[in-house]
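Student: Copied straight from Swiss-Prot:
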- Gly2: N-myristoyl glycine (LIPID)
- 16-22: motif 'Nuclear export signal' (MOTIF)
- 26-32: motif 'Nuclear localization signal' (MOTIF)
- 47-74: region 'Disordered' (REGION)
- Gly170, Pro171: site 'Cis/trans isomerization of proline peptide bond' (SITE)
- 402-433: region 'Disordered' (REGION)
- 763-771: region 'RT 'primer grip'' (REGION)
- Trp937: site 'Essential for RT p66/p51 heterodimerization' (SITE)
- Trp950: site 'Essential for RT p66/p51 heterodimerization' (SITE)
- 970-1093: domain 'RNase H type-1' (DOMAIN)
- 1150-1300: domain 'Integrase catalytic' (DOMAIN)
- 1319-1366: DNA-binding region (DNA_BIND)
Amino acid sequence: MGARASVLTGGKLDRWEKVRLRPGGRKRYMMKHLVWASRELERFAKRHHGEQQSKTESNSGSREGGASQGASASAGISGNYPLVQNAQGQMVHQAISPRTLNAWVKVVEEKAFSPEVIPMFSALSEGALPQDVNTMLNAVGGHQGAMQVLKEVINEEAAEWDRLHPTHAGPIAPGQLREPRGSDIAGTTSTLQEQIGWTTANPPIPVGDVYRRWVILGLNKVVRMYCPVSILDIRQGPKEPFRDYVDRFYKTLRAEQASQEVKNWMTDTLLVQNANPDCKQILKALGPGATLEEMMTACQGVGGPSHKARVLAEAMSMVQNQGRADVFFQKGQGAGPKRKIKCFNCGKEGHLARNCKAPRRKGCWRCGQEGHQMKDCTGRQVNFFRERLAFPQREARQLCAEQNRTNGPTDRELWVPGGREEPGEERGREQSISTNLPQITLWQRPLIPVKVEGQLCEALLDTGADDTVIERIQLQGLWKPKMIGGIGGFIKVKQFDNVHIEIEGRKVVGTVLVGPTPVNIIGRNILTQLGCTLVFPISSIETVPVKLKPGMDGPKVKQWPLSAEKIKALTEICQEMEKEGKISKIGPENPYNTPIFAIKKKDSTKWRKLVDFRELNKRTQDFWEVQLGIPHPAGLKKKKSVTVLDVGDAYFSCPLDKDFRKYTAFTIPSINNETPGVRYQYNVLPQGWKGSPSIFQSSMTKILEPFREKNPDITIYQYMDDLYVGSDLEIDQHRKKVEELRQHLLKWGFTTPDKKHQKEPPFLWMGYELHPDKWTVQPIQLPEKEVWTVNDIQKLIGKLNWASQIYPGIKIKQLCKLIRGTKKLTDVVPLTPEAELELAENREIVSTPVHGVYYDPDKELIAEIQKQGNCQWTYQIFQEPHKNLKTGKYARQRSAHTNDIRQLAEAVQKIATESIVIWGKTPKFRLPVQKESWEAWWAEYWQATWIPEWEFINTPPLVKLWYSLETEPIPTTDTYYVDGAANRETKTGKAGYVTDKGKQKIISLENTTNQQAELKALLLALQDSDQQVNIVTDSQYVLGIIQSQPDHSESELVNQIIEELIKKEKIYLSWVPAHKGIGGNEQVDKLVSAGIRKVLFLDGIDRAQEEHERYHSNWKAMASDFNLPPIVAKEIVAHCDKCQVKGEAMHGQVDCSPGIWQVDCTHLEGKVIIVAVHVASGYIEAEVIPAETGQETAYFLLKLAGRWPVKTIHTDNGPNFTSAAVKAACWWADIKQEFGIPYNPQSQGVVESLNKELKKIIGQVRDQAEHLKTAVQMAVFIHNFKRKGGIGGYTAGERIIDIIATDIQTSELQKQILKVQKFRVYYRDSRDPIWKGPATLLWKGEGAVVIQDQGELKVVPRRKAKIIRDYGKQMAGDDCVASRQNED
């Protein structure tokens, strides 16, 4: 390896010559160590052959030794496992040594299929024959999942070998070796002598090297599975336990460099998609909302060691019967001409199936039949354990019989090709397959008579059994022992091959196992040859259960009168719908009714039936809108072939829940009440009912799912009844697929009328016009009107909004101003000059057609924004210049006072959201703003949670900040204290300022408010001050407006202030609390308050501030405890530098039952704090624990349960919470433990939020405590008893006590109510002497009782009521004792 000739020696060689065996690997090896290892491997591999070689050489002499060497060299055989020539001149094989096997097993156990395993296998198996390789593989005890994956790869490679090396028909010449098949190379069907013969032949066939190459391919696949570099590489092995797969999945997921949203998506999709087929079927059955706990419970026992046990049992039986004679496959002819490799999957030449990028073709690659994959095919299979006993050779690609049927049975049935014999037919002749196939129903056990080698018996057709097992039958011929696994364990059976079986008149030959079985079974090995298929009948579309809202009844709205022509039209429409089964006639027993009416269709004389479902919609349960928006053509990828379909009578093809149909009843009246009205109810989804869109979308998705899975190369966009079908197929193939789709929909009752079947462009779809390489909106005509109504303006704005997605530059702000306020649709609206100008510009824009292009996933998305003025923005999203994907506008003004940069930021967030919806990613932004202005804004704009990737583009007008506020007071300039006041009753006020130099100015105001007066005072100070000024105000309103740095406003007064601000060189604005004795502020406050407002003496301010400095109470607590106005309490909190709250997190809904606590561990200053939160009240228990262990956690839970009633705790899946100690504590204290979703903090939302709150309070009081545990308890005290708010305005401590007390009172009250309800009341009115009743007793007071009689609530004086216990119907006689018992 070059170390001997190195110029470096000693320590230098050690320092510099370092080698990584694996690219990117951590371990590095010294060159001399690698040289030593190579010598040791070479010496070690030859050591155990030395003795026999020396004997051979001494007996046969140098000539034989030379010949042996020559033979070996010519065959290219390594010295690791030499083929030596014995004394008789025969080539013999030296078996693999135990030391080599031990080294291999140790590698696998220590490395666990890490990448190092592959070079180790390659080195240890150098020169090995297939038998040696199988010996190595059999030595691996565990890792059956990996072995199964390896076995599948070998099966695929063996099948590929058979395809590329076909055998020739005819006998083999004497002395000539047969051609090796794939299973021969794998050592399954070949002897050791045959392997030696192939290896030493001239020319040689290196079967050992070929087999090693297959194994290395399989090991690569296993290594990728066990050591993934990305979450996308995680796959569950076929026999791998689901638990192990989940462990690997989450371990890799933690290391993924992705956002939490992406990780959540990976968990929701990849975990199920990459499970093995058995687990995936179970997981899909659980539904999309299944928790990880439910998944692991459902998949328990799937995979694992059971497969390994069965294989080992079979191997043991093979070993015990090694004395049996070997019977080999018949030898074939020499190899034919080499052919190009061809993929089993896609049929294309040039690559193998394992490297194919196309979606996997359904069905078996070997026999072509669906229902199994090649690895499960009943043809020849490779097994690591060598089966040396006799079994017949099968054709590798023999196709099973398959029948094409058009009419399926109504029940789930087994179909067997070949009918029963007719009485007059000869029983001995073979029957031809007819269309009159025997049908065996599965409503009962399918037991049928079977002839096995002429012996009649009864057997069960079992599609779940691999093998055919018969009991108590005598068969002739050779047999071999076998052990099979059943429900009760393993049973020993005899395996007979080539047995003749006759079922339903059809004869087949197959393998039968004879042994003790509870029932005779015909398994899949025979059913497949019979062509037997399991038929699942296609049922009608599954109905979605629907209910009314709780406590509501159906609609009972009377039908209003209708004209004669409408009654006639409705009668004809309903008669036709009844024939089609869409509606059914009902009788008078249905008490519900919804009014109907009729309108004429546009441009037609035909009538259209409408049902006024408004009342039913109010009473129907809410539905989740399955599809939240319409698909956009800018998100479509360019397709070679496109078709647009429309589903006819979409809603009327979906059935309505039978229990809900009665609520859709309606009535067709008669003229002059000639006859009773004809009553109908809907059997299908009605038009206008709130549930129809969601149910239809869900049903259509389920129906299209099988077609999508079968045709992954077809893109189908589905929105309601519009279908877009695109593909990259040639037009003829594409149209065939479209016809398949139409037939698929037709089977489910959905028609696609030819009238709306669009085959050629342009395609009209969802209001768009699609061309092969571009798209646009359908032609837009803006109306020309002299008089505009509100309704006309609304329609016009709708058209312009629709056009703006491809026509850049459209503005609608002035048009929207025309219809502000509450106006009738028919009110006439005069166009303002600004609106007329805006409309004219828009006409000019839409007069020239504009087209968009389709999305290319390989190119970058770019969004460019321009300012149009007047708070309006336009943008274009494109991938290539001048080829827009789509355009849009933004004109929303969230605040009355704003600036261009804030609006630009809002527009960027809107475009980013839109891009994620359409393309799944955000674009790169080009913004008309200087970098300094943009970064200055974002630095202060703390509400921002995301800053986009962007670049500057010089597109006038540029956006900039027109002025900025200083962060520190300006020392050399005047300070203006400003204030304003107004009287709410008289609307009069004053505004003014006082400077630190004694200058002052006060003006009087009319028809003003406090806020306007405050702003006017600021304006006065700005107008009278120099270029640099300090301004102090006590108004949060003024401070909030100016600190947002607006450059335009809807308020004229604010616009004047902005103009003055722009003129200044430097401005410093500060806030101080009012009425605190602050010099200038107090002075100006007295000036402007004189005669305007009454200032209350708030003596609680000082005490409130003192308490806040100590406990940092929130404003609600101070307002309540010290009788302060909310504004004053808020100002005290806002002025505290430790209580500047920057927004609050949004929370979802959690279970707030009284006994539920959320528990979590958080970390601070390197220590562990365990926190328990009472969910309903927000009350906290927390303490510092020595370590995050199960023992400490259990001790804390027991203390918590000793203080408060704890019914349920909700924790995460941390090891301390899942420990046995915690489980034991919960069991003892009778606490139910629930777990959140792993790695999803939202499932622990309450405690996660309060962890942050607790840390914030600790930070506020940390300097008051020496130890962290002291600060934690101080923070708990402050949170529980010094912070008010939430439900009831209580502190958390008051709230938990109130909740527990209320819960106890409610429970006791419920007991009393249940006790009271056991009594019945007889009563009488003052005017009626007859006793009435019995009525139900609801409440018993001191002077009266509350009863319910026939649904009516009544209050009856105690003296006029008799209360008796309800003893049941057996004592209901008039003279019974109960009738005379009076509770009084």
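One-based numbering along the chain as shown.
Quick reminder: no glycine exception, Cβ is built from N, Cα and C everywhere.
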Student: In the same chain, who gets a Cβ under 8 Å from the region 'RT 'primer grip'' (763-771) while lying at least 6 residues past its ends?
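Tutor: Sequence-remote neighbours of the region 'RT 'primer grip'' (763-771) are 630-631, 633, 636, 642-644, 719, 722, 724, 777-779, 802, 851.
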Student: Could you tell me the mean pLDDT the prediction assigns to the domain 'RNase H type-1' (970-1093)?
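Tutor: Averaged over the domain 'RNase H type-1' (970-1093), the predicted model reaches a pLDDT of 81.
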Student: What is the number of residues in the domain 'RNase H type-1' (970-1093) that are helix, strand and coil, as DSSP sees it?
Tutor: 46 helix, 35 strand, 43 coil
Student: Would you count the other CB atoms within 10 A of the CB of Pro171 (site 'Cis/trans isomerization of proline peptide bond'), including those on all shown protein chains?
Tutor: 9
Student: From the DSSP assignment alone, can you count helix, strand and coil residues within the region 'RT 'primer grip'' (763-771)?
Tutor: 0 helix, 6 strand, 3 coil
